[in-house]
Amino acid sequence: MTKNVNGGMTVAIDGPAAAGKGTVAKAVAAHFGFAHLDTGLLYRAVAAKTLKGMDAEEAAQTLAPVDLEDPSLRNPDVAQEASKVAVIPAVRAALVRFQRSFAARAGGAVLDGRDIGTVICPDAPVKLFITASPEVRAQRRFAELSGKGIEITYETVLDDVKQRDMRDMSRDQAPLKPADDAKQIDTTEMAIEDAVAAAVALVEAKLADRG
Ligand code: CDP
């Protein structure tokens, strides 16, 4: 069911918070002309609604494209709440169909998240698991948030990253972990451009294999 039956390429990118998944996913999608879905945004959008008082399951079931455009979704309080709603099985279940149909696009698709290679697209021909030390990830996220004018300390960002990783790795359903056949890329001491180049090479090799 998760095979890209139309011959398009599905690229699954997973990894812990702020590891550079989004940057790599966007660059790979742009390089090959594939569509890109940041699946974290789905959980963040559910979280933004629960923070306003809506029931999490209802929020997931009624999610609309416009909900993904709210700029506050990138805020740290929404990220924390996202990792809390993400442990609820009914929330995850409500988001599966949309993610799988996106992955099956004929023109190719890149999805980044926590469970893409393990649960959403176990048959994806290319799977990447992108990691970096918590300190390096927190530095990058701190720079990103500060650049947007969000007032936050490095220590708060580091705490957020560690807490979410712990919650994401220890939940019962779809915990954060590399798929057995995922290629792991540690970007702690690697420029993000090199991670992008490695990802592009992997997709190119797979496309060449297919002829
Ligand atoms: O950008 P960052 O890596 O910090 O987070 P995100 O990808 O936007 O994800 C926010 C939260 O949503 C994560 O901490 C996870 O709890 C949850 N999530 C998930 O459970 N499964 C996914 N496929 C994507 C995100």
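Just so it is clear, glycine is given a Cβ too, placed from its N, Cα and C backbone atoms.
As recorded in TrEMBL:
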- 11-203: domain 'Cytidylate kinase' (DOMAIN)
- GLY15, PRO16, ALA17, ALA18, ALA19, GLY20, LYS21, GLY22, THR23: ATP binding site (BINDING)
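What TrEMBL annotates, mapped onto the structure for a quick look.
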| residue | record | Cβ contacts under 8 Å, 6 or more apart |
| --- | --- | --- |
| GLY15 | ATP binding site | LYS21, ASP112, ARG114, LEU128, PHE129, ILE130, THR131, LEU176 |
| ALA17 | ATP binding site | ALA79, ARG137, ARG141, ASP160, VAL161, ARG164, ASP165, ASP168 |
| ALA19 | ATP binding site | ILE130, THR131, ALA132, ARG137, THR187 |
| THR23 | ATP binding site | ILE192, ALA195, VAL196 |
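In sequence order, ASP112, ILE130, ALA132, ARG137 are the residues of the same chain, not among GLY15, PRO16, ALA17, ALA18, ALA19, GLY20, LYS21, GLY22, THR23, whose CB sits within 8 A of the CB centroid for the ATP site. Checking the binding-site residues GLY15, ALA17, THR23 for a CB within less than 6 Å of any atom of ligand 1 leaves ALA17, listed in sequence order.
In the three-state DSSP assignment, the secondary structure recorded for ALA19 (ATP binding site) is coil. The Cβ neighbour count for LYS21 (ATP binding site), using a 10 Å radius over every protein chain in view, is 28. For the domain 'Cytidylate kinase' (11-203), the model's average pLDDT works out to 97.
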